[in-house]
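Asker: Could you have a look at this structure, given as structure tokens, before my questions?
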Amino acid sequence: MVKFNNIVYDPQLTDKKFPVKASDPEREAKLVVLQPVGYPFVCNLMESPRIDAVNKELFEIYARDQWEGFSATEGSYLFDQKLLPDYAFKIIRAHPDGSKITRNTSIILLENEREEFHEVKSDITMDDVIGQEDAKIKCRIIMRYLEDPDRFRDWAPRNVLFHGSPGTGKTMLAKSLANELRVPLYLIKATSLIGEHVGDGARQIHELYELASKTAPSVIFIDEMDAIGLDRRFQSLRGDVSEVVNALLTEMDGINQNWGVVTIGATNNPELLDNAIRSRFEEEIEFKLPGDDERRMMLEKYIETMPLDVDFSVDKLVKLTKGMSGRDIKERVLKTALHRALADESPRVEREHIEYALKERDLKSEPRHMFA
């Protein structure tokens, strides 16, 4: 067996050759920069903790005490032997490289990057969203409120739920609302609010609403609400998810008066939402699949911008795309047909390309069996 950088290699277990960088044990490491990596493997009995050195001087003493005498080679790993046995730290920088850690070595721990929320900007207008008139009416009411939050106060439209099939324009309408008002839009997926450890998610939610309040009037759009707000009958609620839900309920209830902040939640499955969350939304707006006239408008709009002419009847396309969302029509029919035409080096999109796209969509839409 060979021990190198606190790792034991057994030649009987592996035939791989490990390049061992020559090190000078007499050279003292002046600086070592570490990055928390985690355990060599994971199992359901343990979770990889988030490492933050609250007291950097104390961490340096802790690190030197256990790794004194170890080789500091860039790209290698040091394993904790005390508080978190076998937790790995990668040596990002060692100066000089291949030197020895001593009592005089300065050891720095890289901080974990924290989730930051950024304003989403777009040039989409409500006229770009075809159909969904009920949702547009609600958005115009929200616009009235955000133009003069002090006038509405307790009568403000604070929490609204958008629901409906994927690709029906929920996110697009939220973007158009913020764009037309020129107010900040914070667009996030609910799954990103679940932190690595208990406490992370709640902190992120409070920071999100604090930021939205500071930049009010503003809109918070939370997509995939069912990822955190799933009815308790359908899940065994984990601690990290539970604290996210509680933090979200606190903000939506207005305990912290977030005047000028509107929360729009979005889900494809409103019936799966827990009543505690669903009841906080004052109104639910359904986004419906486009009808014949709406599909015709979408098709004409999309075809007009395509790089190749389309030699196929729009009226026939309206019939063939029945039951499809706007996103399906654009991404899975027209785009697939266009790419097929380009692959065939055809000067235009023809019937055979449309038929190919529709066939491909049907194949991808078929339910897959558990066993092949």
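Glycine is treated like the rest: Cβ placed from N, Cα and C.
Below, the features straight out of Swiss-Prot:
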- GLY164, SER165, PRO166, GLY167, THR168, GLY169, LYS170, THR171: ATP binding site (BINDING)
Asker: Relative to the mean position of the Cβ atoms of GLY164, SER165, PRO166, GLY167, THR168, GLY169, LYS170, THR171, the recorded ATP site, which additional same-chain residues have Cβ within 8 Å?
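Answerer: Other same-chain residues near the ATP site: PHE162, ASN268, PHE287, SER325, GLY326, ARG327.
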Asker: Out of GLY164, PRO166, GLY167, GLY169, which has the highest number of nearby Cβ atoms, where nearby means within 10 Å of its Cβ, if these are the binding-site residues?
Answerer: GLY169
Asker: Could you tell me which of these binding-site residues, SER165, THR168, has the fewest other Cβ atoms within 10 Å of its Cβ?
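Answerer: Each of the binding-site residues SER165, THR168 was scored by Cβ atoms within 10 Å; lowest is SER165.
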Asker: Quick one: of LYS170, THR171, which of the binding-site residues has the smallest count of other CB atoms within 10 A?
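Answerer: The binding-site residues LYS170, THR171 were compared, and THR171 has the fewest Cβ atoms within 10 Å.
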Asker: Sort THR171 (ATP binding site) into helix, strand or coil using the DSSP assignment.
Answerer: helix
